[in-house]
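Asks: Attaching a single structure in structure tokens format; questions to follow.
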């Protein structure tokens, strides 16, 4: 969120010692910042932290417990009342397992008098049966209170919604979100990318006798893989590593795949080994024989890349003896493999080693896209613009809204949309968003996984 033109909204957490103030602070901050224990008065200083609540930047204050008999109680109380006066909203936390004391009510009313923008938060209501205990706090005189359990993560989502509403933050445009704050929303799901060199794992797939072994030999310039016109020569996956610049690439020549009705004995074993090899791969080279028309099995084999969420490059082999003109083959390819429209296409003749260097460099380019991570602020800006250009369809007349987006994984890129009604995200609108992201960020040859979650699921994950 760009805060140059506005002051951050401040939320102060107040209450007596050992009611769960620091635990609530940690829960909202999504980090273990404040020390928590069963010993009253653990927090003495005011912990201050910029945090994000569903994508909105606020400043959160965790104050010391205001116990009458505590050491330095006068100083702590004075500091807390000053924090209350300067805050936009106060969360006054009480222990739902205890009977309200006169001292607690007196302190609350003193705080409320200084700043009436105050929520009564009743903590430690761990289940529905304990809700009855919350009625005892009606003596505080608040028309509405919030029953929560920080330790069980109950009621937190509703509290956050109410806080955002009270601070009028639900009117802020999502594209105004600050990149650093949004990074914290990923909740450490996306580990920091390792700087160690990684070998790109490439699986070569295709039906029997389309030229996979010839392609491996051309790529590695070795006769490592036996080449024969006899179908099914390759049984075990064969791997070979090469170096392009300073990047290592490991190729796996998998067993050719034929119709299931013809898979017997050792070929069934070979298919299982192929599946296991692909589980470890980053990119698939789908080899298609263009000396004859494509067959249904080609399409089925291509689904292996989707099944294992691999980057993919289409290799049209035997181009020197292609069965039809360029335009006709490309039109057929587009029609039969329309779900792979994002995949680059390279024509080659493996036996004559044509366009082999192009394949090598394309592998590196696709891997860079496969490993890509979008800056969170930029991601939200693009999503916001897309939803403004074409608003989300309503869900039975009810508004459907994307609160924010976050990329939580790479290889392949995986993005979550945090929404008020995630189940209402239609597949056609999801496809529109994916196409928008592809156009904006160039995910060449890379599957892009987009899912929708509600705020509660996002917080739990």
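Backbone N, Cα and C atoms are what each Cβ position is placed from, and that goes for glycine too.
What Swiss-Prot shows for this protein is this:
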- 9-171: domain 'EngA-type G 1' (DOMAIN)
- 15-22, 62-66, 123-126: GTP 1 binding site (BINDING)
- 200-371: domain 'EngA-type G 2' (DOMAIN)
- 206-213, 253-257, 317-320: GTP 2 binding site (BINDING)
- 372-456: domain 'KH-like' (DOMAIN)
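Could you place the listed features in the three-dimensional structure?
Replies: A sphere of 10 angstroms centred on the C-beta of residue 18 (GTP 1 binding site) encloses 19 other C-beta atoms.
The Cβ of residue 319 (GTP 2 binding site) lies under 8 Å from the Cβ of 290, 347, 348, 349, 354, each of which sits 6+ residues away along the same chain.
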Asks: Would you mind splitting the domain 'KH-like' (372-456) into helix, strand and coil residue counts from DSSP?
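Replies: Helix (H, G, I), strand (E, B), coil: 34 helix, 22 strand, 29 coil.
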Asks: Averaged over the domain 'KH-like' (372-456), what pLDDT does the prediction give?
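Replies: Averaged over the domain 'KH-like' (372-456), the predicted model reaches a pLDDT of 93.
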Asks: Cα of residue 212 (GTP 2 binding site) to Cα of residue 125 (GTP 1 binding site): how many Å, rounded?
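Replies: Residue 212 (GTP 2 binding site) to residue 125 (GTP 1 binding site), Cα-Cα distance: 63 Å.
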Asks: Could you state the whole-number distance in Å separating the C-alpha atoms of residue 21 (GTP 1 binding site) and residue 206 (GTP 2 binding site)?
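Replies: Answer for this pair: 60 Å between alpha carbons.
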Asks: Rounded to a whole angstrom, what is the C-alpha distance between residue 18 (GTP 1 binding site) and residue 206 (GTP 2 binding site)?
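Replies: Pair distance, Cα basis, whole Å: 64 Å.
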Asks: Going by a 10 angstroms cut-off between Cβ atoms, which of the binding-site residues 63, 209 has the sparsest surroundings?
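Replies: Per-residue Cβ counts within 10 Å for the binding-site residues 63, 209 bottom out at 209.
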Asks: Within 10 Å of the Cβ of residue 125 (GTP 1 binding site), how many other Cβ atoms can you find? Include all protein chains, please.
Replies: 21
